[in-house]
Amino acid sequence: MFAERTQLALDLVGVFFFAVTGALLAARKGFDVVASALLAGMTGLGGGVIRDLIIGVRPAALEHPVYLAPVVLAAGVVYLYYPHVPRFRRTLLLFDAAGLGLFCVTGTEKALAAGVPAVSAALLGVTSAVGGGLLRDVVAREVPSLFRYDDIYALPAMTGAAATAVLWRLDALSVWTGVTASVVTFALRALAVRYGWRAPLAYRRQAPDG
Amino acid sequence: MFAERTQLALDLVGVFFFAVTGALLAARKGFDVVASALLAGMTGLGGGVIRDLIIGVRPAALEHPVYLAPVVLAAGVVYLYYPHVPRFRRTLLLFDAAGLGLFCVTGTEKALAAGVPAVSAALLGVTSAVGGGLLRDVVAREVPSLFRYDDIYALPAMTGAAATAVLWRLDALSVWTGVTASVVTFALRALAVRYGWRAPLAYRRQAPDG
Amino acid sequence: MFAERTQLALDLVGVFFFAVTGALLAARKGFDVVASALLAGMTGLGGGVIRDLIIGVRPAALEHPVYLAPVVLAAGVVYLYYPHVPRFRRTLLLFDAAGLGLFCVTGTEKALAAGVPAVSAALLGVTSAVGGGLLRDVVAREVPSLFRYDDIYALPAMTGAAATAVLWRLDALSVWTGVTASVVTFALRALAVRYGWRAPLAYRRQAPDG
């Protein structure tokens, strides 16, 4: 649905921002620069690879080694500038949110293009958006940010992915509507961070007499 | 080998019971309701998806979004009734055992139907039965119940999966023999819990002079 | 590129040595013998299975149940001889290094044979070599040895995999050059252990004025 070049450019930008979060975690945990690049790669490429394995297509990152460029760039940037990064924490959360916005839309679109039912395509879009971060947190032994009760992470991605699937069903998915869905996802995530939004817990707290 | 409707019904029941264990863990860990649904989905669908990826077929849950219904139901039931659930701990272990019994048989059968050698099919049956729980424990940072020395979890699944493969080799796998294998697996697991059965440790304790 | 029998023999030897590291970890963590076999299997077969899933071919271990023999053997050897093993710690690190050397070369070769671009093939070779150990450490809740700052693990595998891909591009990959690449990888890893080599950290330490 998107032109191939547009798709590739969006992908590489998304991979870069997620890869930065992996390299930053590696730096915080005292890993070496090789582990930093490996963790950056798992974070930036993991979500898309899991999606492609489930769909049953060969991962784009495998066919096009250019996908490794943003990973290496991310590890390099963190290597050179890590001590300055904490000042930019807000900027980074925004970049992560931009990655989330991009991947939930492009991931859903790729699944739809592979002939997956719309509901499953939306879930694969969410998988693309949150899978790399989950892999990063699990292999680095962190509490997955996906599961933190004090933050809303998956819901904006679900919203963007569902919107993409609905647009497609209405035959209204284009670069412009897709970008709009990305921006809305980005904005929801940014607002959730800014205002500390939370979702209800996994169980209903009941009154003593309840 | 099973009628398609029978297969689907057994699958949905198995997914539901495993999904409940995921949602319960989410509640115990203080995750929010979205994380609860995600963890329920990984637990209920994870084992089958891993099996299907290894076989090389598109996961059934992807083609039939109805597989999401038991996941949402499980998260909803835990959301509404969590404070009452601890009273039912024994019931829950039995339900988990029922899921184990179902999945080791249906998982082996699906692998055999895909033309996998019998030994590998039995192992994929075990993977279907224990994979979702392993994924649940790993992403939620728990000691995998699969590895607990004070409990027998994998052995009943191995027994049921091996029995299914043997029945198939003897051309005797039908709904009735399959259900019998499920029930035997269920009973072995239930007895292991009831009587605290343990397997030998990973190394032989030797006498001081040994 | 290698004769099928040679390939199989190299694979089984590599699986055995990695499987031993899984069974040893199971013994150290107090798991039972079934969990030991499961962890040995994940360690010995995990890297190759992940590689094959990404390439999109059915894992060799699935088609040829003989791949289970070294796994069972490893769990059995550790069961019988664990208390004696610590004396052989150096031997074991060497065996692990031999597995690393074998898998980074054969993994790269299998990916090249499947028509993957050379750069991606080298990365899949690294995945084959380090994937099983990463899976072992993650499911057993250990700090992944892949990420330890005080040890060099991934770099020798990267060197061997890159050398294999370059040899292939130069049309010079044969059993003899492949074995040479394996031996060089093994030697690099063994020297890294012997002399405590380290890679630079994920970020540049800067002078106070930097």
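Quick reminder: no glycine exception, Cβ is built from N, Cα and C everywhere.
On a predicted model such as this, the values are computed, not experimentally measured, just so you know.
For B:9-81 (among others), the entry in TrEMBL reads domain 'Glycine transporter'. DSSP assignment over the domain 'Glycine transporter' (B:9-81) gives 64 helix, 1 strand, 8 coil.
Summed and averaged per residue, pLDDT over the domain 'Glycine transporter' (B:94-168) gives 92. The domain 'Glycine transporter' annotation in TrEMBL covers B:94-168 (among others).
As annotated by TrEMBL, transmembrane segment applies to B:7-27 (among others). Note on the transmembrane segment (B:7-27): residues 35-37, 39-45, 47-48, 60-61, 64, 66-67, 69-71, 73-75, 77-79, 82, 85, 92, 95-96, 98-99, 102-103, 106, 132-133, 136-137, 140, 142 of its chain, located 6 or more positions outside it, place their CB under 8 angstroms from a CB of the stretch.
Tertiary neighbourhood of the transmembrane segment (B:33-54): same-chain residues 11, 14-16, 18-23, 25-27, 60-61, 67-68, 70-72, 74-75, 78-79, 103, 107, 110-111, 124-125, 127-136, 139-140, selected by CB-CB distance under 8 Å and a gap of 6+ residues from either end. For B:33-54 (among others), the entry in TrEMBL reads transmembrane segment.
The feature transmembrane segment is assigned by TrEMBL to B:66-82 (among others).
Annotation source TrEMBL lists transmembrane segment at B:111-131 (among others).
Look at TrEMBL and you will find B:152-170 (among others) tagged as transmembrane segment.
What TrEMBL lists as transmembrane segment is B:176-197 (among others). Outside the transmembrane segment (B:176-197), and at least 6 residues removed from its termini, the chain residues within Cβ reach (under 8 Å) are 1-2, 93-94, 97-98, 100-102, 104-106, 109, 150-153, 155-157, 159-160, 163-164, 167.
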